[in-house]
């Protein structure tokens, strides 16, 4: 609804009270109200964003100035912290970025393939036990992973997969991120049925309907899945904390933890600088994928 | 609709077998589902049963599990640190989830309908919820609430000498709760989508009947939004019980000061991977599952008194 309509709507009940002038009065009141609203919202935006701005500015300040001068207005900027921080965790930070990138790509690929396959079956096929399986699938979204934690660790240990990326990637190829199955099911259900019926009449089998019709039509859902998977994998801390304990394998989340552990050295500047580096990919994903992210949460009510 | 809403409507329409009458595609379906079914068996159902068994054993990874009956359960009952971690987790869940949702709802209501700059504000408010789970933000939080941090810098303008929030047992948990509220953006986006689905004609009809703004909110907006609020509440509670990263990083991995940020999951992690007490950790995990299930059931029972379903 447009703001003009909203104004008109709210003006109606006031109208009978004092005939000609109130409309203009109301308009003035609406304008004041809108200024107040925007002022509050802008202040709130500032409070929300300020810590992030402070993080970025602090990462560019000389180390001894970060806590002596908390202001974000400074001319004394330097890239020293980035240079120091890059090598502060025993290996160049590029190694950790690379590890995070491999983990993320593996997880994205796994989720895209396995979740879309399962989603097609749930959304388009009739089979025995469908409702039961579907209910189980939805249930696993809410299952606290702690009840599978220890046995999974034992399985991966027996397979000799500790200190490899496999425990964090292989499950994704088996659609263990059921949330994305659900997201895709919701999307496929929203596609017009006639397309699928027409394809069936033309004699296309399910593999073809899936690959040549469903997948191209569901690219928005695939994009949402890819972006969310990226953000969650990039930020994941618990999984790598358990499975990756040697430095060569650290993703950025664990590498950053090194700064907290070794805070006796108190190189805050380097810590801030590498924190910023670790957030840049997330920020880019936000900029590129905002539309998909918003739509994704709106249609599934996140999880 | 959320996964929870889907489950609820499935439970309600169970008997309405008015499916299409085409032949079933059992074979094709099971092929498409094969990866998921394999994953379900190998990574979910199998491990669940195994950890249920391990709950009744003494197991340290090095030697085969030894059946110990109810020892782990008895130990849990007498473990003061465990009960403290439960209290910390409860406090976190009960305070941070409702506050975050209330905040999200209020901002969504302000932003709703013909608000200029809506997409700008939405982006700004949503960004923290994307970043909030990361280690970098938890590190930032340590400094924002540190002794010489941003918060105390701000307080010093008013002549207030703030404590070291992170290192004080009375305040450390509060900083993690604030971090959770800071990520109100994603429920806000859900509420905005829900608000948009309320048909304009309801408001128009209420208008004709002379309902004022407040009346319209309590008679139209809020009732129609209650299912969304409810599903969000239940799911956020489920996930808040499992929070880990923020408490770990903010406390430097200790759950301190004085166990004041020792979340249940953090204590579980320590039992499993520091003490290698895998049997005890499994028992704790099942305890957590039961607590969450109990909370969820209680929420569903409560919902009968305040949630309005259109169907």
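Counting starts with 1 at the first residue shown.
Just so it is clear, glycine is given a Cβ too, placed from its N, Cα and C backbone atoms.
As the structure is a computational prediction, the values presented were derived from the model and not from experiment.
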Inset, instruction - Quick one: sort out which of B:30-56, B:57-83 is the transmembrane segment according to TrEMBL. - result: B:30-56
Inset, instruction - Would you kindly list the residues that approach the transmembrane segment (B:216-241) from elsewhere in its chain, counting only those six or more residues past its ends and only Cβ-Cβ distances under 8 Å? - result: 1-5, 89, 92-93, 96-98, 100-101, 105, 109, 180, 187, 190-191, 194-195, 198, 202-203, 206-207, 264-265, 288, 291-292, 295-296, 299-300, 303, 306-310
Inset, instruction - Grab the same-chain neighbours of the transmembrane segment (B:30-56) for me: Cβ-Cβ under 8 Å, and only residues 6 or more beyond its ends, written as numbers and ranges. - result: 65, 67-70, 72-73, 278-279, 282-283, 285-286
